[in-house]
Amino acid sequence: GGVGDAAAEVQLSRLRWAVLLLFSSYSLCNAFQWIQYGSINNVFVRFYGVSSFAIDWLSMSYMLIYIPLLFPVAWLLDKRGLRLIALAGSALNAVGAWVKLGSLKPHLFPVTVLGQVICGLAQVFILGMPSRIASVWFGSQEVSTACSIAVFGNQLGIAAGFLVPPVLIPNVEDVEKLAYHISIMFFMTAGVASALFILVIIVFKEKPPNPPSRAQALIQSRPAAEYSYVQSILRLLRNANFLLLMVTYGLNVGCFYALSTLLNRMVILHYPGQEVNAGRIGLTIILSGMTGALISGIWLDKTKTYKQTTLVVYIMSLVGMIVYTFTLSLGHLWVVFVTAGLLGFFMTGYLPLGFEFAAELTYPESEGTSSGLLNVSAQIFGIALTISQGQIIDRFGTMEGNLLLCSVLFLGTILTAFIKADLRRQQANLENEQT
């Protein structure tokens, strides 16, 4: 009776789009702060008087912080729910942005590191949320699209991080002028982050009054005593299909992290003085990827072909990476824009696919836990590939560095082919409709 009653009360809330938009917005702000240093790496190297590798670590700190903190935060998400995690993520994001304002002198590099570490903490409360928000707030026919839009915010933030810093901070010799331009960017970011935190306090709710889908109604009708967080993780780590997806997701997204962090260095090596265009190339990668993510989200909602879509997108990511590798050094900037757009369409478009495929393979386990494990894999591979590719570029050149990413994506494509399409969430929805 209890399950039947819960299933009968399935209803969509009008607030769901406001919650989704707000999450996407503070996720955008956090992602902007991740790449704002890397997109003008050479400018910050000169301003703070540190090495390129030190500026790379400002991006990699996000990845490093995520790994040990995933499980405590995922446990909090399961025990205390969405609202607490949203408040913590948006608050830390704002605090980190204000701390950076204390680093506007060349000798204050440690302060900017502290601000970035706090923003990295905020990211732990953000990255695992898209599939959870989609499941808790959205119906079965729009859940993949909602997840894509939630991931969108993060991608749009990276796009802004590529586009805005080169425009706001010109590569001038005068250190005082440089500090002034950097302060404008830091002030704008802190203002936006603070406004979003206030909106989260006012608008963001734990869950809608009624479950949006039968699968969610079943989860909500389950007694809390039945759920064990440790057992959930152990079940996930015994799920062979999920483990394969975890590795392949890590390889693909790790390549994306390395490419994003090192893009400025690669472009400047072949096209000196083109900082603004390096940022625009990064923007092109993200915007085309957002288009790919939206199309794949809508496609999944229509067809439910998770395995086939994931494999095709993975293969095309590999093709895009190969084409980009062999055209970067041709001397034609417009060619780089085209090939980077092709690469971004599939590589960035893969992000929500991985989350949704994981939610299907692991139902009824918490989406926050499965997403978190995917992200840990991505951070580990991201750090390893960023350091490896950076060292290869310094010693041998950009082509050799990009060939490393091509070989990694080739391995990921092969492993993806072995994942079985065990769509448990779809099965639960079908069985309840029949009942």
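Keep in mind that glycine also has a Cβ here, set from the backbone N, Cα and C atoms.
Copied over from TrEMBL, here are the features:
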TRANSMEM  17-37  transmembrane segment
DOMAIN    19-424  domain 'Major facilitator superfamily (MFS) profile'
TRANSMEM  57-77  transmembrane segment
TRANSMEM  84-101  transmembrane segment
TRANSMEM  107-128  transmembrane segment
TRANSMEM  149-168  transmembrane segment
TRANSMEM  180-204  transmembrane segment
TRANSMEM  242-260  transmembrane segment
TRANSMEM  280-299  transmembrane segment
TRANSMEM  311-327  transmembrane segment
TRANSMEM  333-353  transmembrane segment
TRANSMEM  373-393  transmembrane segment
TRANSMEM  399-419  transmembrane segment
Tertiary contacts of the transmembrane segment (311-327) (same chain, 6+ residues out, Cβ under 8 Å): 248, 252, 255, 292, 296, 335-336, 339-340, 342-347, 349-350, 353, 399, 402-403, 405-406, 409-410, 412-413, 416-417
Spatial neighbours of the transmembrane segment (57-77) far in sequence, C-beta under 8 Å, 6+ residues away: 34-35, 37-38, 84-85, 112-113, 116-117, 119-121, 123-125, 127-129, 132, 229, 233, 257, 260-261, 366, 368-369, 372-373, 375-376, 378-380, 382-383, 386-387
Criterion met for the transmembrane segment (333-353) and the transmembrane segment (107-128) (at least three Cβ pairs under 8 Å): no
PLDDT averaged over every residue in the domain 'Major facilitator superfamily (MFS) profile' (19-424): 87
